[in-house]
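Here is what TrEMBL records for this protein:
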COMPBIAS  1-10  compositional bias 'Polar residues'
REGION    1-59  region 'Disordered'
COMPBIAS  11-35  compositional bias 'Basic and acidic residues'
COMPBIAS  42-59  compositional bias 'Basic and acidic residues'
DOMAIN    84-118  domain 'U1-type'
REGION    141-205  region 'Disordered'
COMPBIAS  143-163  compositional bias 'Basic and acidic residues'
COMPBIAS  170-179  compositional bias 'Basic and acidic residues'
Amino acid sequence: MASNQSSSTNRPDDHRRKWDREEFEQIAKERLSKEEENEDEADRKSREPPVKRELLKQREYKVDLESRLGKSQVITKTTPSSQMGGYYCNVCDCVVKDSINFLDHINGKKHQRNLGMSMKVERSTLDQVKRRFELNKRKKEEKKKDYDFESRMQELREEETKQKAYKKEKRQERKRKAEDDDLDSGLDPDMAAMMGFSGFGTTKK
């Protein structure tokens, strides 16, 4: 009985886990101050004027997709990324494996942003539309002139071919007529050829 009393007296009155109140108050204060700093940073960024990007413009260069087509190249661990297999984008510093994905990349939002452009297209004015119509009209007229010139040259070539065929047919007809005249005169064609009479009445080719 005495042993039971001694064991109960040795047990602490409150066996629950004790929390350090000051430590957790300090953690809470640090968290609140951090949140306030983040809010201030967000407010400052929202007050700053947005970055002005250029409107999307037409590409002024031709995309090279065929210069390395069919060529072999040895690639090692030390080969720079610009010379690796595939298509290299020097704006984004990345390599794209095929031409379709490369075109998708250079037309994409990330590439255009790295170029300093937004994905918004400039709205054309009335004068720009009129100039474009005039340019297209001139191109169409030039194309028509080129077509007329080509068709005329083709007609001249066909006419020249017909003339040559007609002259050739006339020569053959004269030759046949001369041979018929030789037969009518009673001379043997072989004998006439031996005597040198076969050329009479004919023209040279």
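Every residue gets a Cβ built from N, Cα and C, even glycine.
Curation plays no part in TrEMBL annotations; they are all automatic predictions.
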DSSP residue counts for the compositional bias 'Basic and acidic residues' (143-163), split into helix, strand and coil: 21 helix, 0 strand, 0 coil
Non-local residues, at least 6 beyond the ends, that sit with Cβ under 8 Å of the domain 'U1-type' (84-118): 53-57, 63, 65, 73, 75
Helix, strand and coil counts within the compositional bias 'Basic and acidic residues' (170-179) (DSSP): 10 helix, 0 strand, 0 coil
For the domain 'U1-type' (84-118), residues assigned helix / strand / coil by DSSP: 14 helix, 8 strand, 13 coil
